[in-house]
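Just below is one structure, and these are the notes that go with it.
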Amino acid sequence: MDTKHFLPLDFSTQVNSSSLSSPTGRGSMAAPSLHPSLGPGLGSPLGSPGQLHSPISTLSSPINGMGPPFSVISSPMGPHSMSVPTTPTLGFETGSPQLNSPMNPVSSSEDIKPPLGLNGVLKVPAHPSGNMSSFTKHICAICGDRSSGKHYGVYSCEGCKGFFKRTVRKDLTYTCRDNKDCLIDKRQRNRCQYCRYQKCLAMGMKREAVQEERQRGKDRNENEVESTSSANEDMPVEKILEAELAVEPKTETYVEANMGLNPSSPNDPVTNICQAADKQLFTLVEWAKRIPHFSELPLDDQVILLRAGWNELLIASFSHRSIAVKDGILLATGLHVHRNSAHSAGVGAIFDRVLTELVSKMRDMQMDKTELGCLRAIVLFNPDSKGLSNPAEVEALREKVYASLEAYCKHKYPEQPGRFAKLLLRLPALRSIGLKCLEHLFFFKLIGDTPIDTFLMEMLEAPHQTT
């Protein structure tokens, strides 16, 4: 016969035997006398060596430290001595006389505890049984309403719990209009705040428990602030913003140098975009070197990351720069490319995607330069780039940018809890648009009718570095 099914029974009897058996190994207390529902199966001596061969008996289980088995066999609702204490010195009426009073008709849900005068008839013991202990846990010790658990040391309802917490936290003072002996029950608990608070104290509610709860909340908030600040120290958003601002003057220089040019340049939009991209690739390298920890990576890895992300990095930049432009984009050279020109040049579909999925979304949420810089840093630290010597290191840097950006959003825009997620949702669109733009550039390079300068040509001739 397979004995595995009997392991739980053997284990429980073994645990009970250690508590119930006498030094001679014979059971000094029969299990049926403890609880009739357990049946006669546990009435035999429990010290027989045949029951000690189960492998589970050698394990250190928490149940071995439970002591006598009474807590296991009796009601799980707690110790037998649990009852609602009385405080006659304060003039509060206890449960039973209150139930007997003709002025307080009871509902069916409250008519559970028998009047004290019926103890002899119903054979209610002097000390409450396990069932009575269970009952006291289901009622509020202050007003007799249904208890929601133990609060500040006493089983109480949500109403009395909240009342006591507010009183302690706000350090409120009450006055009784009568003789400081008002009846506090479910129906009248709100009539006298003074007597209700005094009864909370009399029943055992602890002021210090409320204060400790508040301190725990403060400590938790301080820990969160410390964790966010430590993340920001590893990848400070201030440095990321500095990197964005450092390349901005060069963009403005391009704009000033081209102020005399007619915005509708004789060159087609694709040529203008390619020329702007070639110039921006130089500033992109300078930007990347200013991003924290990028220059600490092996030089080969730096090159791989820039080759893998240059197109998305440039698209993110000119999209954010174009927030103030209507139906067009502003290039770093200072030229505007209108959507009509893009459609005429045959790149209208991808141009419209840039406007709707990037420029418009950035405008709607008023994305600032710090957030733009963090998104670009996330693109830069791409652990999926092929050929990296240590992808895990790059992934760790990306995670630090995530943490710093999230902390920045919570601090700068506390009224927008979903802002961090909205920012990250721009990344898939940026990736998709970047790949489509690469397809167009490869096509223009292939047919050869669009002048592509040296740096951009080098980027296009290198194999695409992402998986």
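Every residue gets a Cβ built from N, Cα and C, even glycine.
Taken from Swiss-Prot, the feature compositional bias 'Polar residues' covers 83-109. The phosphothreonine annotation in Swiss-Prot covers Thr87, and the record cites similarity to another entry as its basis. As annotated by Swiss-Prot, N6-acetyllysine applies to Lys150. Positions annotated as region 'Hinge' by Swiss-Prot: 206-229. Look at Swiss-Prot and you will find 140-160, 176-200 tagged as zinc finger, backed by sequence analysis.
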| query | Counting only residues 6+ apart in the same chain, whose Cβ is under 8 Å from the Cβ of Lys150 (N6-acetyllysine)? | reply | Ser156
| Within the zinc finger (140-160), residues counted as helix, strand or coil by DSSP | 3 helix, 5 strand, 13 coil
| field | DSSP residue counts for the zinc finger (176-200), split into helix, strand and coil | value | 8 helix, 0 strand, 17 coil
| field | Confidence summary for the region 'Hinge' (206-229), mean pLDDT rounded | value | 65
